[in-house]
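So that you can see what the record holds, here are the features copied from TrEMBL:
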type: TRANSMEM; residues: B:12-33; note: transmembrane segment
type: TRANSMEM; residues: B:39-58; note: transmembrane segment
type: TRANSMEM; residues: B:127-148; note: transmembrane segment
type: TRANSMEM; residues: B:155-173; note: transmembrane segment
type: TRANSMEM; residues: B:204-224; note: transmembrane segment
type: TRANSMEM; residues: B:245-273; note: transmembrane segment
type: TRANSMEM; residues: B:293-316; note: transmembrane segment
type: TRANSMEM; residues: B:328-345; note: transmembrane segment
């Protein structure tokens, strides 16, 4: 009876296919282990940067485990691949939070991926440690933000460009998405407050690498400084085209908020030499803590030429902040860790970092570096002390008048 | 005899799939329930592709456009349901619009940014659902009308749809004050029907998706068997012959193309309900091509096959990327599967299943049961 | 104004560079090669590795890039494409799979990364190739600034187009190719070895992609994903130009390049991209088989 055989075959295949994954058991919480999630892209276009963030996170976990772990337990990282796709990020975050029931997740690089995982963390009670500098305007109680807030990149940078470099006419250029547009908005406020002017505010499609027309516009704009919020490999093509069209960093410097050691190494240092970037961390920071960090990282990834950069350093120290919070809380509940992480301080490679108890962002020390011919930044300006993070600086937030507080965002002030 | 056997086989295949989909909540935990709900949505996309590719004979490389439309229409109305959209003065205004507004703009949905009034009707969730279904259908109807009336066919349809989805993605990202650009719409409320909130991880939401998929499967299966469906297939096989026979070929093609758009839009709508966000990456070319490949793996000429193919590929991707051994290599494995399926299984898994079943059936009759028949 | 035209010319030459190989492969064999961008990526990595290990500069890498990509193309043709003749949509899917596979091969350093072996120049990171000194610094001609490297790409593209033209219209081989373009069955009946010619065409087209990759390496970043966006633009050019028409491809690349350059300079790059896509859609709607189409099929 051929019919019944075929049916049997089909239906069993169908059932096995659908029931297979469902039959997987819950991950048992092994005694003596604390599960944490590590969620970055190991594949896809963003893996270039995100792999280094994952490596830094895993290195910190390994270091902590080697020294006895947390609360006498070892940290067990569960690594998932976001595949540079918000859909995958969303799915993997819900796996980590709901199925694996991890204590916290260290992860996400782009804002798009963070926005895609936010509902999981907020509605399913998870805690995300997010290491990237970003555009602000977010006040989640389920995220600890350890990268720079906009004020930590711009509030010192723009006045410095106007006063120290003596530049008066800004050409603002960025990739077409939220971070560059928000940074441009804040920059304009600061530029106008300094009595300087901006002549253009232009955007290019994300990932676009054809800069001929845009650099031509910069050349004809009469600007004396370029403020770049361009991201990814797009910015490499930008610096190259800039030089190819005969523009000189000495007379028309590019001042950037995103360009880091990783892109400088990729474009060839000669293209960026003389330009500036504002970040709280540079590989060139002259401190024993940082030199040891760079060495340990190079040994960890087994690459003597590996570079370190801002988001990566945050990915590293935020694991230590988390560890201190867990120890202070004495337990691993999300609420307990959130309460305990507020006000935690740690001596990171870039100096002292502290989690702001109000907005769960991080006190960091703004620095400005000028890129040299060897691909390293020479730090030309640094704040004397860490600066309070102000995620809502675009709406007039100041250290005295917070918009994002422990109670949530005070939207009456927006 | 043979035809009735085929028919019974098909009924049983559909029946067992439907039963499997319905009993999953008894076996799966919360996480897998939500994950399978998302994959069922992808299965629905497989059906949409099979309908336009396998039956209408046009390879739409821009199916993501209709998926994205459904997703954004739903997400817009859910965004306005979210507490994050309630301003201190009680007015409804999505949070990102406040951030993206020009300084000094009016703080009302009508005029905070050019075009923001388009959001006003989305305060009604019913409007969001209606738009999520109607807009993709309308757009695919318009697109289909121009393509088929101009008798554009084959690879040229693919190129038009491809260019269209790229164009839509570009404009969607550029309209940041209206769409939140590259970050997409997040922080959404839950779908609420008659006071019941559809928590994405609840069994009710799973059943919402499951029933939708089953209805779509059965309805499309019914449609392709109607006279219209048969004319469509005749057109696919030889458009001119069908024309000479006096059929208004374009009308049938446009109809099925629109149904395909409607299904993709519905899939987008359900995906937003299950995943709580909408993103311009839904309009990525790679996502649209993935859908085609799901259908190819399952069997492009079989609606159920394409649906199962989509689910299967996604389960493989998930398990491969989550196993520590394969976490680096899983994409290469997926690439290899595509090549092998195209080379050796041109009719996909459905073809394989049919061949195996046929071979088993061809063996000399030995089983007593068969002799009694 | 000269500036803007130069930018358009440069954009057009890059489009043509990508589309050239696609055009003859698609025109002759009807194969939609989605891995074309990845073959260009392989060419770019050839230049990176040649620079690192053999000390060969960018210009010296051009024949090498051609050779490596052509051999790889021959392998792909033997293993996959050969089995898919006359299944046009299936070639699209299979070559998409190949594209994913090639990207991962570079990213995982051909699997060596699993054994902890790292090859400098491969892997997921960004690579770059430096441009020879004499092509680096801009030349001022009055108000107009001539960029030597972009000019070099324009010249190279014209040379490659000329070579392809000679091959198609002035060689014995070209007669066979054109016969196959018009009617493969009839060509086979006349004793043309369709498969052999097809394999050589695929290898030649792949080689052109390799050269494009080497040249682009001097302008853009080299990374495993660099090919993905190239192939789409290439296809738009081929389809707008008309299948199997070298002249059509040349004109459509020039046209789309100029539109893109003018709109990017006068408005912005996003508008330029939108206009190009809209023009492509309009042209296909207006003339479904492209601006130039000599095919009698």
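Using N, Cα and C of the backbone, Cβ positions are placed for all residues, glycine too.
Long-range contacts of the transmembrane segment (B:293-316) within its own chain (CB-CB distance under 8 A, at least 6 residues past either end) are made by residues 13-14, 17, 36, 38-40, 42-47, 49-51, 53-55, 213, 217, 220-221, 224, 334, 337-338, 341-342, 345, 347-351, 353. Sequence-distant contacts of the transmembrane segment (B:39-58) (same chain, six or more residues past either end, CB-CB distance under 8 Å): 21, 66-67, 147, 153-154, 157-158, 209-210, 212-213, 216-217, 220, 224, 229, 232-233, 235-237, 253, 256-257, 259-261, 263-264, 266-267, 270-271, 274, 291-292, 294-295, 298-303, 305-311, 314-315. By the count of Cβ pairs under 8 Å, the stretch nearest in packing to the transmembrane segment (B:12-33) among B:155-173, B:204-224, B:245-273 is B:204-224. Taking residue pairs at least 6 apart in sequence, the transmembrane segment (B:328-345) and the transmembrane segment (B:127-148) share fewer than three C-beta contacts under 8 angstroms.
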